[in-house]
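S.K.: Pulled these features from TrEMBL for this protein:
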- 1-19: compositional bias 'Polar residues' (COMPBIAS)
- 57-70: compositional bias 'Polar residues' (COMPBIAS)
- 397-452: domain 'SOCS box' (DOMAIN)
- 1-83: region 'Disordered' (REGION)
- 149-181: repeat 'ANK' (REPEAT)
- 215-247: repeat 'ANK' (REPEAT)
- 290-322: repeat 'ANK' (REPEAT)
């Protein structure tokens, strides 16, 4: 049957579309990203995002044989009224899919109406038990792969169809909150493939904004993981819970900070999402199962702007995880740029509290030979001068190759320190890690406040 426009109140269904996607059989789904590296938090979902330029991928180079594969269809979407063309969708029919699904993919409103009039249930789901349908969507610089099993017409429409077709499905009895085998609603799928107008329509027609998939991912989690600010703000405005975690205990705040590690030039977008979550009242010190907070994650990723945002929102700079690691511990690992370390110290981070293994930032600097960190900690009087620093194996080696460092170290350790530095060390010890972040509440001059908190001469 040819594709014709609707003859009903719902008009505008067409066969024109511009979304770049690939529909095919797939092997077992795995969640990976070519750019984003998971730091403290690993996320589990029915999706995989692969940032980067379009082109031939390893998956495209290893397509299944023609007897197994569904055809590849390429198009792209720029307008929510556009949809995937009805022709050339498959080389072979999709096993287990009803004609209604085919009609929805093709935006064939006339066929949809005829099938429903013939008695077909709008909410029937695909019961195919074979290999799952894999949908690869490309838009806005990333590729998103979705595993589709046990899905209904509205799930397919959320990805492929235009708004007019979606409205028609709902008018014919489609359940806006129907779930697929992965417990996802049409709203979740529309958010996952970044269709804001479609997502907004689903919200307006009663879709639950705090529903969670089998992996515990909410629509908001999809939006922040994709770094989609407008989608994030839309869901928050609709009542999305900013603290709803996934099955691994990852909150939206932890998720967006983690994803920001691979953003590059898109850091401002991630920062705006962090601020949106804070403004929505998220718990900034909410932890994952390992006890890590968002501030610990930001510190480990050396994301100084986010550190400032979280502390301003009330994050505890000395809150440790189950291993005893604090944000400062995380900021000192494996780096020479001490911007994050200095920021945390200025907020009152305790510098000599050991973790569960007895390691402090200073002992780590001795072990791994971080000259910059060692100089910062000693010159800011942030640690007691009680370590046998000169005989540490790594320091002995550095002193042999760095005469200037050797001279500085001797002067720092064996020459009397100025009275103000001795006073600073005593003040820091008296305040204790609990009270050190409260120095700013004493009303001291800014210069004195910063000096107590570790600003070097």
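The backbone N, Cα and C atoms fix where each Cβ goes, glycine too.
Curation plays no part in TrEMBL annotations; they are all automatic predictions.
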S.K.: Can you break down the domain 'SOCS box' (397-452) into helix, strand and coil residue counts using DSSP?
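M.R.: Per DSSP, the residues of the domain 'SOCS box' (397-452) fall into 48 helix, 0 strand, 8 coil.
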S.K.: Same chain only, please: residues at least 6 beyond the ends of the repeat 'ANK' (290-322) with a C-beta under 8 Å from a C-beta of the stretch. Say none if there are none.
M.R.: 39-41, 251, 253-254, 257-258, 260-261, 267, 270-271, 274-275, 278, 284, 328, 330-331, 333, 335, 337, 339-340, 343-344, 347-350, 353, 355, 433-434, 436-437
S.K.: In the predicted model, what is the mean pLDDT computed over the repeat 'ANK' (149-181)?
M.R.: 95
